[in-house]
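According to TrEMBL, the protein carries these features:
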type: TRANSMEM; residues: A:21-39; note: transmembrane segment
type: TRANSMEM; residues: A:59-79; note: transmembrane segment
type: BINDING; residues: A:H71; note: heme binding site
type: BINDING; residues: A:Y83; note: ubiquinone binding site
type: TRANSMEM; residues: A:91-113; note: transmembrane segment
Amino acid sequence: MVTQITSFGRSGLYDWMMQRISAVVLSAYSIFIIGYLLLNPDLTYDQWSALFESTAMRVFSLLTLLSIGIHSWIGLWSISTDYLKATGVRFFFQSLCGLVMFIYVVWGVQVLWGL
Amino acid sequence: MLVSIYRYNPEKDDAPYMQDYEIELPAGKDLMVLDVLNLLKAKDPSISYRRSCREGVCGSDGMNMSGKNGLACITPVSVAAKGNKLVLRPLPGLPVVRDLVVDMGQFYKQYEKIKPFLINDTPAPAIERLQSPEDREKLDGLYECILCACCSTACPSFWWNPDKFVGPSGLLQAYRFLADSRDTATQERLGDLDDPFSVFRCHGIMNCVNVCPKGLNPTKAIGSIRSMLLQRAT
(Lines of atoms letter the chains of each structure in order from A and count residues from 1; the text may use other names and numbers.)
(Lines give C-alpha, C1' and ligand atoms only; values in the text may rest on other atoms or scores of the structure.)
Protein backbone atom coordinates (compact mmCIF):
# COMPACT_ATOMS: atom_id res chain seq x y z
CA MET A 1 0.00 0.00 0.00
CA VAL A 2 1.45 3.35 -1.07
CA THR A 3 0.31 6.29 1.06
CA GLN A 4 -0.68 9.43 -0.84
CA ILE A 5 -2.28 12.57 0.56
CA THR A 6 -2.31 14.82 -2.48
CA SER A 7 -4.36 12.63 -4.83
CA PHE A 8 -8.02 13.55 -5.34
CA GLY A 9 -9.73 10.91 -3.21
CA ARG A 10 -6.73 9.33 -1.44
CA SER A 11 -7.85 6.03 -2.98
CA GLY A 12 -6.73 4.75 -6.36
CA LEU A 13 -10.08 3.10 -6.96
CA TYR A 14 -12.03 6.27 -6.12
CA ASP A 15 -9.83 8.43 -8.38
CA TRP A 16 -10.12 5.89 -11.16
CA MET A 17 -13.92 5.79 -10.87
CA MET A 18 -14.25 9.60 -10.71
CA GLN A 19 -11.96 9.94 -13.72
CA ARG A 20 -14.30 7.71 -15.72
CA ILE A 21 -17.56 9.21 -14.47
CA SER A 22 -16.34 12.76 -15.14
CA ALA A 23 -15.21 11.65 -18.62
CA VAL A 24 -18.74 10.42 -19.37
CA VAL A 25 -20.22 13.75 -18.19
CA LEU A 26 -17.72 15.72 -20.29
CA SER A 27 -18.47 13.68 -23.42
CA ALA A 28 -22.23 13.96 -22.89
CA TYR A 29 -21.96 17.74 -22.49
CA SER A 30 -19.71 18.10 -25.55
CA ILE A 31 -22.06 16.00 -27.69
CA PHE A 32 -25.07 17.99 -26.44
CA ILE A 33 -23.50 21.39 -27.15
CA ILE A 34 -22.18 20.39 -30.57
CA GLY A 35 -25.56 18.81 -31.42
CA TYR A 36 -27.40 21.91 -30.25
CA LEU A 37 -25.21 24.19 -32.37
CA LEU A 38 -25.61 21.95 -35.44
CA LEU A 39 -29.39 21.75 -35.06
CA ASN A 40 -29.68 25.50 -34.60
CA PRO A 41 -27.57 27.05 -37.34
CA ASP A 42 -29.40 30.41 -37.04
CA LEU A 43 -28.87 30.65 -33.31
CA THR A 44 -29.82 34.00 -31.76
CA TYR A 45 -28.62 35.53 -28.52
CA ASP A 46 -32.13 35.19 -27.01
CA GLN A 47 -32.24 31.47 -27.78
CA TRP A 48 -28.76 30.93 -26.35
CA SER A 49 -29.47 32.82 -23.14
CA ALA A 50 -32.86 31.07 -22.80
CA LEU A 51 -31.05 27.75 -22.98
CA PHE A 52 -28.77 28.71 -20.11
CA GLU A 53 -31.69 30.21 -18.12
CA SER A 54 -33.25 26.77 -17.66
CA THR A 55 -32.47 24.98 -14.39
CA ALA A 56 -31.74 21.67 -16.14
CA MET A 57 -29.07 23.32 -18.28
CA ARG A 58 -27.55 25.02 -15.25
CA VAL A 59 -27.42 21.72 -13.40
CA PHE A 60 -25.82 20.03 -16.42
CA SER A 61 -23.33 22.88 -16.90
CA LEU A 62 -22.35 22.97 -13.24
CA LEU A 63 -21.94 19.19 -13.27
CA THR A 64 -19.67 19.58 -16.30
CA LEU A 65 -17.71 22.35 -14.64
CA LEU A 66 -17.08 20.21 -11.56
CA SER A 67 -16.22 17.27 -13.82
CA ILE A 68 -13.59 19.38 -15.60
CA GLY A 69 -12.09 20.20 -12.19
CA ILE A 70 -12.08 16.59 -11.00
CA HIS A 71 -10.89 15.16 -14.32
CA SER A 72 -8.04 17.62 -14.72
CA TRP A 73 -7.00 17.32 -11.07
CA ILE A 74 -6.67 13.53 -11.30
CA GLY A 75 -4.96 13.74 -14.70
CA LEU A 76 -2.49 16.47 -13.81
CA TRP A 77 -1.78 14.87 -10.44
CA SER A 78 -0.81 11.65 -12.29
CA ILE A 79 1.41 13.56 -14.68
CA SER A 80 3.10 15.49 -11.87
CA THR A 81 3.84 12.31 -9.91
CA ASP A 82 5.29 10.73 -13.06
CA TYR A 83 7.53 13.53 -14.23
CA LEU A 84 8.18 15.98 -11.38
CA LYS A 85 10.60 14.22 -9.09
CA ALA A 86 11.57 17.11 -6.78
CA THR A 87 9.01 17.25 -3.95
CA GLY A 88 8.96 21.07 -3.75
CA VAL A 89 8.39 21.50 -7.49
CA ARG A 90 5.73 18.80 -7.51
CA PHE A 91 3.89 20.28 -4.55
CA PHE A 92 4.00 23.74 -6.10
CA PHE A 93 2.63 22.41 -9.40
CA GLN A 94 -0.14 20.51 -7.63
CA SER A 95 -1.09 23.54 -5.54
CA LEU A 96 -1.13 25.71 -8.66
CA CYS A 97 -3.42 23.22 -10.42
CA GLY A 98 -5.73 23.20 -7.39
CA LEU A 99 -5.87 26.98 -7.31
CA VAL A 100 -6.55 27.31 -11.06
CA MET A 101 -9.32 24.70 -10.83
CA PHE A 102 -10.93 26.50 -7.92
CA ILE A 103 -10.82 29.79 -9.81
CA TYR A 104 -12.42 28.16 -12.86
CA VAL A 105 -15.24 26.67 -10.79
CA VAL A 106 -16.05 29.95 -9.02
CA TRP A 107 -15.74 31.90 -12.24
CA GLY A 108 -17.92 29.35 -14.07
CA VAL A 109 -20.63 29.62 -11.42
CA GLN A 110 -20.51 33.39 -11.81
CA VAL A 111 -20.89 33.11 -15.60
CA LEU A 112 -23.68 30.51 -15.42
CA TRP A 113 -25.80 32.45 -12.95
CA GLY A 114 -24.96 35.79 -14.46
CA LEU A 115 -23.86 37.11 -11.09
CA MET B 1 25.73 -8.71 -40.07
CA LEU B 2 26.38 -5.68 -37.89
CA VAL B 3 25.66 -6.18 -34.20
CA SER B 4 25.69 -3.11 -31.99
CA ILE B 5 25.96 -3.89 -28.29
CA TYR B 6 25.51 -1.66 -25.26
CA ARG B 7 28.74 -1.80 -23.30
CA TYR B 8 29.34 -0.59 -19.79
CA ASN B 9 31.85 -1.77 -17.25
CA PRO B 10 31.53 0.51 -14.19
CA GLU B 11 35.08 -0.41 -13.11
CA LYS B 12 36.61 0.90 -16.35
CA ASP B 13 34.13 3.08 -18.23
CA ASP B 14 32.97 6.55 -17.29
CA ALA B 15 29.84 6.20 -19.37
CA PRO B 16 28.06 3.50 -21.36
CA TYR B 17 28.73 3.31 -25.11
CA MET B 18 27.65 1.24 -28.12
CA GLN B 19 30.22 -1.14 -29.58
CA ASP B 20 29.82 -2.47 -33.12
CA TYR B 21 30.76 -6.00 -34.12
CA GLU B 22 30.77 -7.38 -37.65
CA ILE B 23 29.89 -11.06 -37.72
CA GLU B 24 29.44 -13.64 -40.47
CA LEU B 25 26.34 -15.74 -39.73
CA PRO B 26 26.12 -19.31 -41.08
CA ALA B 27 24.01 -19.39 -44.25
CA GLY B 28 20.74 -21.30 -44.42
CA LYS B 29 20.11 -21.01 -40.68
CA ASP B 30 18.07 -18.55 -38.66
CA LEU B 31 19.99 -18.29 -35.42
CA MET B 32 18.50 -17.00 -32.20
CA VAL B 33 19.87 -13.74 -30.82
CA LEU B 34 21.45 -15.65 -27.93
CA ASP B 35 23.39 -17.81 -30.42
CA VAL B 36 24.76 -14.65 -31.99
CA LEU B 37 25.78 -13.35 -28.55
CA ASN B 38 27.51 -16.67 -27.81
CA LEU B 39 29.44 -16.42 -31.10
CA LEU B 40 30.46 -12.86 -30.25
CA LYS B 41 31.48 -13.82 -26.73
CA ALA B 42 33.82 -16.43 -28.19
CA LYS B 43 35.52 -13.55 -30.03
CA ASP B 44 35.30 -10.97 -27.23
CA PRO B 45 35.00 -12.65 -23.81
CA SER B 46 34.41 -9.31 -22.09
CA ILE B 47 30.78 -9.12 -23.31
CA SER B 48 28.50 -9.81 -20.35
CA TYR B 49 24.93 -11.12 -20.40
CA ARG B 50 22.79 -13.57 -18.45
CA ARG B 51 21.53 -16.81 -19.92
CA SER B 52 20.73 -20.23 -18.59
CA CYS B 53 18.17 -22.60 -20.11
CA ARG B 54 18.47 -21.19 -23.67
CA GLU B 55 14.88 -22.25 -24.44
CA GLY B 56 12.62 -19.51 -23.04
CA VAL B 57 11.89 -21.15 -19.70
CA CYS B 58 14.22 -19.53 -17.17
CA GLY B 59 13.75 -15.88 -18.16
CA SER B 60 17.41 -14.95 -17.66
CA ASP B 61 18.21 -13.39 -21.01
CA GLY B 62 15.56 -10.70 -21.22
CA MET B 63 16.99 -7.78 -23.18
CA ASN B 64 16.06 -5.03 -25.57
CA MET B 65 16.60 -6.17 -29.15
CA SER B 66 16.38 -3.43 -31.79
CA GLY B 67 13.99 -1.51 -29.55
CA LYS B 68 11.75 -4.34 -28.36
CA ASN B 69 12.11 -6.32 -25.15
CA GLY B 70 12.21 -10.09 -25.40
CA LEU B 71 14.15 -13.24 -24.60
CA ALA B 72 17.29 -13.52 -26.70
CA CYS B 73 17.12 -17.32 -26.69
CA ILE B 74 13.76 -17.59 -28.44
CA THR B 75 13.92 -14.51 -30.68
CA PRO B 76 15.22 -15.32 -34.17
CA VAL B 77 17.72 -12.87 -35.65
CA SER B 78 15.40 -12.49 -38.66
CA VAL B 79 12.77 -11.04 -36.32
CA ALA B 80 15.04 -8.94 -34.10
CA ALA B 81 17.34 -7.42 -36.75
CA LYS B 82 16.33 -4.34 -38.68
CA GLY B 83 17.86 -4.40 -42.12
CA ASN B 84 21.24 -5.98 -41.59
CA LYS B 85 21.71 -4.50 -38.13
CA LEU B 86 20.96 -5.88 -34.70
CA VAL B 87 21.01 -3.50 -31.73
CA LEU B 88 21.22 -5.08 -28.28
CA ARG B 89 20.64 -3.07 -25.13
CA PRO B 90 19.87 -4.04 -21.52
CA LEU B 91 16.26 -4.00 -20.33
CA PRO B 92 15.30 -0.31 -20.05
CA GLY B 93 14.60 1.38 -16.72
CA LEU B 94 16.66 -0.86 -14.44
CA PRO B 95 20.18 -0.02 -13.23
CA VAL B 96 22.88 -1.62 -15.38
CA VAL B 97 25.35 -3.85 -13.54
CA ARG B 98 27.48 -4.47 -16.62
CA ASP B 99 26.79 -4.57 -20.38
CA LEU B 100 23.46 -6.38 -20.82
CA VAL B 101 23.17 -7.40 -17.17
CA VAL B 102 20.68 -5.35 -15.12
CA ASP B 103 20.01 -5.14 -11.40
CA MET B 104 16.58 -6.73 -10.96
CA GLY B 105 16.28 -5.68 -7.29
CA GLN B 106 13.48 -3.17 -7.81
CA PHE B 107 11.55 -5.66 -9.93
CA TYR B 108 11.79 -8.40 -7.30
CA LYS B 109 10.85 -5.96 -4.55
CA GLN B 110 7.54 -5.29 -6.30
CA TYR B 111 7.04 -9.03 -6.77
CA GLU B 112 7.65 -9.59 -3.07
CA LYS B 113 5.12 -6.88 -2.20
CA ILE B 114 2.17 -8.79 -3.68
CA LYS B 115 2.92 -11.81 -1.44
CA PRO B 116 3.49 -14.35 -4.22
CA PHE B 117 2.48 -17.40 -2.22
CA LEU B 118 -0.73 -19.14 -1.24
CA ILE B 119 -2.21 -17.87 2.02
CA ASN B 120 -4.77 -20.13 3.64
CA ASP B 121 -5.76 -19.85 7.29
CA THR B 122 -7.81 -23.05 7.43
CA PRO B 123 -6.18 -26.20 8.88
CA ALA B 124 -4.08 -28.04 6.30
CA PRO B 125 -5.80 -31.20 4.99
CA ALA B 126 -4.08 -34.57 5.29
CA ILE B 127 -2.97 -34.76 1.66
CA GLU B 128 -3.56 -31.61 -0.39
CA ARG B 129 -5.94 -28.70 -0.94
CA LEU B 130 -8.25 -29.74 -3.71
CA GLN B 131 -9.40 -27.50 -6.52
CA SER B 132 -12.09 -28.14 -9.13
CA PRO B 133 -10.93 -28.27 -12.77
CA GLU B 134 -13.00 -25.09 -13.39
CA ASP B 135 -11.22 -23.22 -10.59
CA ARG B 136 -7.86 -24.49 -11.81
CA GLU B 137 -8.67 -23.19 -15.28
CA LYS B 138 -8.89 -19.64 -13.87
CA LEU B 139 -5.13 -19.73 -13.27
CA ASP B 140 -4.32 -20.39 -16.93
CA GLY B 141 -2.59 -17.43 -18.51
CA LEU B 142 -1.39 -16.31 -15.07
CA TYR B 143 0.85 -19.01 -13.59
CA GLU B 144 3.03 -19.27 -16.71
CA CYS B 145 4.92 -16.04 -15.95
CA ILE B 146 8.68 -16.65 -15.72
CA LEU B 147 9.59 -13.24 -14.21
CA CYS B 148 11.87 -12.24 -17.07
CA ALA B 149 10.90 -8.55 -16.51
CA CYS B 150 10.40 -7.88 -20.24
CA CYS B 151 6.90 -6.49 -19.54
CA SER B 152 7.62 -4.32 -16.50
CA THR B 153 10.68 -2.77 -18.14
CA ALA B 154 8.61 -1.94 -21.26
CA CYS B 155 6.10 -0.03 -19.13
CA PRO B 156 6.54 3.78 -18.82
CA SER B 157 4.57 3.78 -15.56
CA PHE B 158 7.14 1.36 -14.15
CA TRP B 159 10.00 3.50 -15.50
CA TRP B 160 8.71 6.60 -13.72
CA ASN B 161 7.60 4.94 -10.47
CA PRO B 162 9.42 1.62 -10.03
CA ASP B 163 9.22 2.00 -6.26
CA LYS B 164 5.46 2.55 -6.11
CA PHE B 165 3.83 0.93 -9.15
CA VAL B 166 3.82 -2.86 -8.86
CA GLY B 167 4.20 -3.25 -12.62
CA PRO B 168 2.57 -5.65 -15.08
CA SER B 169 4.51 -8.72 -13.99
CA GLY B 170 3.80 -8.26 -10.29
CA LEU B 171 0.14 -7.49 -10.97
CA LEU B 172 -0.27 -10.58 -13.15
CA GLN B 173 1.04 -12.57 -10.20
CA ALA B 174 -1.16 -10.62 -7.78
CA TYR B 175 -4.19 -11.66 -9.81
CA ARG B 176 -2.92 -15.24 -9.98
CA PHE B 177 -3.35 -15.42 -6.18
CA LEU B 178 -6.54 -13.33 -6.09
CA ALA B 179 -8.10 -15.75 -8.57
CA ASP B 180 -6.97 -18.87 -6.71
CA SER B 181 -9.89 -20.64 -5.03
CA ARG B 182 -7.54 -22.02 -2.35
CA ASP B 183 -6.36 -18.59 -1.19
CA THR B 184 -8.24 -17.05 1.75
CA ALA B 185 -6.47 -13.68 1.92
CA THR B 186 -8.35 -12.08 -1.00
CA GLN B 187 -9.64 -9.12 1.05
CA GLU B 188 -6.22 -8.33 2.56
CA ARG B 189 -4.59 -8.61 -0.86
CA LEU B 190 -7.14 -6.22 -2.39
CA GLY B 191 -6.72 -3.85 0.55
CA ASP B 192 -3.00 -3.63 -0.17
CA LEU B 193 -3.64 -2.65 -3.80
CA ASP B 194 -6.25 0.07 -3.35
CA ASP B 195 -3.97 3.11 -3.57
CA PRO B 196 -3.34 5.50 -6.48
CA PHE B 197 -0.07 3.78 -7.46
CA SER B 198 0.10 0.01 -6.99
CA VAL B 199 -2.54 -0.90 -9.60
CA PHE B 200 -4.02 2.36 -10.83
CA ARG B 201 -0.82 3.75 -12.33
CA CYS B 202 -1.55 1.38 -15.21
CA HIS B 203 -3.01 3.43 -18.06
CA GLY B 204 -3.63 0.41 -20.26
CA ILE B 205 -1.16 1.14 -23.05
CA MET B 206 -0.50 -2.63 -23.33
CA ASN B 207 3.25 -2.50 -23.96
CA CYS B 208 3.39 -5.46 -21.56
CA VAL B 209 1.11 -7.55 -23.77
CA ASN B 210 3.11 -6.53 -26.83
CA VAL B 211 6.43 -7.82 -25.46
CA CYS B 212 5.54 -10.80 -23.24
CA PRO B 213 7.60 -13.73 -24.60
CA LYS B 214 5.10 -16.19 -23.10
CA GLY B 215 2.12 -14.51 -24.78
CA LEU B 216 0.47 -13.55 -21.49
CA ASN B 217 -1.87 -10.62 -20.95
CA PRO B 218 -1.05 -8.56 -17.83
CA THR B 219 -3.42 -5.75 -18.93
CA LYS B 220 -6.35 -8.16 -18.75
CA ALA B 221 -5.27 -9.32 -15.29
CA ILE B 222 -5.01 -5.68 -14.14
CA GLY B 223 -8.54 -5.09 -15.47
CA SER B 224 -9.73 -8.07 -13.44
CA ILE B 225 -8.07 -6.69 -10.29
CA ARG B 226 -9.83 -3.36 -10.89
CA SER B 227 -13.17 -5.15 -11.24
CA MET B 228 -12.55 -7.01 -7.99
CA LEU B 229 -11.66 -3.75 -6.22
CA LEU B 230 -14.79 -2.11 -7.63
CA GLN B 231 -17.02 -4.99 -6.58
CA ARG B 232 -15.56 -4.93 -3.11
CA ALA B 233 -16.09 -1.17 -2.69
CA THR B 234 -19.55 -0.64 -4.18
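Placed from the backbone N, Cα and C atoms, the Cβ positions cover glycine too.
Where the annotation comes from TrEMBL, it is an automatic prediction and has not been curated.
The list of residues near the transmembrane segment (A:91-113) in space but at least 6 beyond its ends in sequence, with Cβ under 8 angstroms from a Cβ of it, reads 6, 52, 58, 61-62, 65-66, 68-69, 72-73, 76-77, 80, 84. In the three-state DSSP scheme, the residue listed as 'ubiquinone binding site' is classed as helix. Secondary structure from DSSP puts A:H71 (heme binding site) in a helix.
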